């Protein structure tokens, strides 16, 4: 494979925002895109896209398992020896209630996927990113994880997990700054995905303002992905450790 290609790995590239990232990137000239799915056989939209795009490689990955992350990295090394941009987009979001009645299993599942998951992917792919030319790591985060720009809505375990992810990003950016890495978090905006719509519908009766906000302001996955890529395409060393909004503005931690 040509060493002039720019190599991307998108963890969670089988639907929604992740799939839109895969599509836009793979339509660019000189790119190779690895897209992960927990169950590749069930990722029908990604499978269909890869059939017409030979530069897309589907990788099995369950981010909650370090073993799975290591196996995914090994699969990538069968094709390339470096990755330029690592984008961890995998996440769960099934917490839309107050802290007082959010059970342990909800906290644990969010932490396992949204915090340990990105850590597993980073640990497994660090050797590949270190060999890359761009050395960019992107974590898809959320405004829900910002305390400085607190959104007045009960998102308990989800918000806490994204706050922890932002801290993880900040620490990694510090640890890798002397190695030439650029590490950021980015909020994709309120995005019109199937999972987001389902959550909004579940809580529309008690929180009608959420339904209204979602209907008026939600982005399509394609728009969110395109805007975030504009941010990532223009990253410079001095941007290391920042928390971005999809439109390129900075979000306080």
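FYI, residue positions are counted from 1 along the chain as it appears here.
Quick reminder: no glycine exception, Cβ is built from N, Cα and C everywhere.
Of the residues proposed, 17, 136, 137, 172, the one Swiss-Prot records at the same NADP(+) site as 36, 62, 89, 158, 162, 191, 193 is 17.
For the pair residue 17 (NADP(+) binding site) and residue 162 (active site, lowers pKa of active site Tyr), the C-alpha distance works out to 17 angstrom. The maximal spread of the NADP(+) binding site, taken as the longest Cα to Cα distance among 17, 36, 62, 89, 158, 162, 191, 193, is 23 Å. A simple Cβ count within 10 Å picks out one of the binding-site residues 36, 89, 193 as the most packed, and that one is 36. Cβ neighbour count for residue 17 (NADP(+) binding site): 26 (other Cβ atoms within 10 Å of its Cβ, all protein chains included).
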